[in-house]
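Asker: Pasting the feature list from TrEMBL:
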- 1-353: domain 'FMN hydroxy acid dehydrogenase' (DOMAIN)
- 22, 133, 248, 251: glyoxylate binding site (BINDING)
- 75-77, 104, 131, 159, 224, 246, 279-283, 302-303: FMN binding site (BINDING)
- 248: active site, proton acceptor (ACT_SITE)
Ligand SMILES: Cc1cc2nc3c(=O)[nH]c(=O)nc-3n(C[C@H](O)[C@H](O)[C@H](O)COP(=O)(O)O)c2cc1C
Ligand SMILES: CCCCCCC(=O)C(=O)O
């Protein structure tokens, strides 16, 4: 495979069509889903020349977690729909690549088992973060937090864009409402009863719950799904340690802007006090470079990891990460940048609007 697009096509060819649609789909008319990729395509890169440089160091430290590359695995549900080894294969590949994996609360493998697999991928330890939907049952939410802590997760990623589930018409059309027999969200097993609970996406969750979580754990808290710059400011006042700027890959409110369009405003709102990670539509090393140039500390990828997993399990995920790493390295060299800190907003320009005539070329 030469690029992530080829993985996307190959994944669709091997997946059950309803599962391929679950992975691919967005909410409503999928405007935001498409916008994420289109917005990257509308940005141009502007290289500098004759700057020297050498081998690129792509390592980053995010909230104390050391990673070999500024590309995280964003949390996605149900990896066992893509491959029988599911999240275990993803975790081994992430660890081998030195990438931070954010395990989904809706994983088909428990966070403890995912952490153990990550250790086999990198015996010195591989950074694992845990994604959480705050449940109205706070006692159960605390059980989830303790499980993540005991597994050795180094940060909690709290998804706040889901006061209700997005409307996924592809799933309704396909009648995809439940996991196949034998699969479940292992993290949702309730030790009080032994039952697996459903995930509740509740409109009653507020900033009070973020404060409660802040008091409940000493792990760094990253809010995922803040889109409004004023909410970024509020997050700072509530002691949040980082933001994952995300529109859930276009799967929640359709019609919201592409994440890379919002990035400059969100970066300005946090004034360098906390890192901003971006996900949504990252498909090329050039996309990673654009986001980093505009102030992101790192990016996340969701669907591409599922494509790699579907195509070839652990090896496929490893290849997806390696393609992005190689492309980013090559992009930095061609940009005349000697390392990640050398990327600046000056390396990015908006593409001219369709049909626009360059200044001075009017007749
Ligand atoms: C199939 C699928 C499942 C997802 N599951 C979760 C989840 O469990 N929790 C969460 O916070 N985000 C979830 N997301 C959103 C991703 O974390 C991420 O924001 C999005 O996929 C990024 O866009 P990309 O797929 O274009 O890279 C999911 C996305 C997809 C495609
Ligand atoms: C009822 C289970 C919901 C899992 C959430 C997965 C998710 O966020 C997605 O976008 O799909």
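Cβ atoms are placed via backbone N, Cα and C, with glycine included.
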Asker: Per DSSP, residue 75 (FMN binding site) is which: helix, strand or coil?
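Answerer: For residue 75 (FMN binding site) - judged by DSSP and reduced to three states - the answer is coil.
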Asker: Under 8 Å between C-beta atoms and at least six apart in sequence, can you list the same-chain neighbours of residue 248 (glyoxylate binding site), or say none if there are none?
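Answerer: In sequence order, the residues whose Cβ lies under 8 Å from that of residue 248 (glyoxylate binding site) (at least 6 apart) are 159, 161, 162, 166, 225.
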Asker: Please list the binding-site residues from 77, 224, 251, 279, 281, 283 whose Cβ falls under 6 Å of any atom in ligand 2.
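Answerer: Going through 77, 224, 251, 279, 281, 283 in sequence order, those close to ligand 2 turn out to be 77, 251.
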Asker: Count the other Cβ atoms sitting within 10 Å of the Cβ of residue 281 (FMN binding site), across every protein chain shown.
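Answerer: Looking across every protein chain shown, the total is 28.
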Asker: If you pair up every Cα among 22, 133, 248, 251, the residues annotated as binding glyoxylate, what's the maximum separation in angstrom, rounded to an integer?
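Answerer: For the residues that bind glyoxylate, the greatest Cα distance is 19 Å.
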Asker: Roughly where does the domain 'FMN hydroxy acid dehydrogenase' (1-353) sit in mean pLDDT, to the nearest integer?
Answerer: 97
Asker: Using C-alpha atoms only, work out the spacing between residue 303 (FMN binding site) and residue 22 (glyoxylate binding site) and round it to an integer in Å.
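Answerer: Pair distance, Cα basis, whole Å: 10 Å.
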Asker: Cβ under 6 Å from an atom of ligand 1: which of these binding-site residues qualify? The list is 75, 77, 133, 281.
Answerer: 75, 77, 281
Asker: Write down the Cα-Cα distance for residue 133 (glyoxylate binding site) and residue 75 (FMN binding site), rounded and given in Å.
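Answerer: Cα of residue 75 (FMN binding site) to Cα of residue 133 (glyoxylate binding site) measures 11 Å after rounding.
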Asker: Can you give me the Cα-Cα distance between residue 279 (FMN binding site) and residue 22 (glyoxylate binding site) in Å, rounded to a whole number?
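Answerer: Between the Cα atoms of residue 279 (FMN binding site) and residue 22 (glyoxylate binding site), the distance comes to 18 Å.
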Asker: Within 10 Å of residue 22 (glyoxylate binding site) (Cα to Cα), which of the binding-site residues 131, 224, 281, 283 do you find?
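Answerer: Near residue 22 (glyoxylate binding site) by Cα: none of them.
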Asker: Can you check what DSSP calls residue 22 (glyoxylate binding site), collapsed to helix, strand or coil?
Answerer: helix
